[in-house]
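J.: If you scroll down you'll find the structure; I have some questions about it.
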């Protein structure tokens, strides 16, 4: 039933993939080839889907959110390229394919990530949205991805290796490393639609919860998943001696926390009076997915 409902997002997904995969041309340069390699590696596109679906569910024009969604996916992809490098997570596979530095080389992978990060902001500048909204979106994206957002979360994650973290410390890592871009995806819809502060705050609550749920589910899949489904080595977090929700709480308690966060999220979403269930369905997919 859930998969049937998700077919509503197929048009959005096709639009996102078409926009992403037409940005860089592998024949143009080795750099473009490396960028396109990672962009075309078959990700779930959760972040841009959240942008478009939130707009759609709240009565906005989903197409207005496409440039911001593409920018988010570019920054997310750059972060994965860099995270996989030997100096950080030292992973050989991502999404079932060789990681960028394994397929090309470390220097090319670093430059591919650098280019994606830089080009992402150009996506927002090239939109037809008014200047005030563009500035707000650039502020949202830079805050979510920079030294107080995703990059900060990655630093905390590295510092937390080979340590037993408290639950609060673990949540702090994932609010920043995983959660900030997901929060930005959902909040961007409110900025584009000129929501008031109270409405934006509800989107912030939803976005924060969805970000945490995404990570809790990833930690569960690191135990229960398979290489075929998740596209990376099962148990890699345990092998790297990283604290996870499962290692701190246990599997069943992690699943209960996931369900509790989902209930909170549904309650916050109701206050915004969505015109359809598309966002609720996508959030449910994030919690119930097997990859």
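Using the three backbone atoms N, Cα and C, a Cβ is placed for every residue, glycine included.
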J.: The isopentenyl diphosphate site in Swiss-Prot lists 44, 47, 95. Which one of 25, 63, 76 belongs there according to the record?
T.: 76
J.: 94, 95: which of these binding-site residues has the sparsest Cβ neighbourhood within 10 Å?
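T.: Per-residue Cβ counts within 10 Å for the binding-site residues 94, 95 bottom out at 95.
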J.: Other than 44, 47, 76, 95 themselves, what residues in this chain have Cβ atoms within 8 Å of the centroid of the isopentenyl diphosphate site's Cβ atoms?
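T.: Those within range, site residues removed, are 43, 45, 46, 73, 77, 80.
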J.: Can you give me the Cα-Cα distance between residue 76 (isopentenyl diphosphate binding site) and residue 178 ((2E)-geranyl diphosphate binding site) in Å, rounded to a whole number?
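T.: Rounded to a whole number, the Cα-Cα distance is 9 Å.
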J.: Same chain only, sequence gap of 6 or more: which residues have a CB within under 8 Å of the CB of residue 177 ((2E)-geranyl diphosphate binding site)?
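T.: Residues satisfying the criterion: 150, 152, 153, 154, 156, 157, 215.
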J.: Find, for the listed binding-site residues 44, 47, 76, the residue with the lowest Cβ contact count at a 10 Å cut-off, counting only other Cβ atoms.
T.: 44
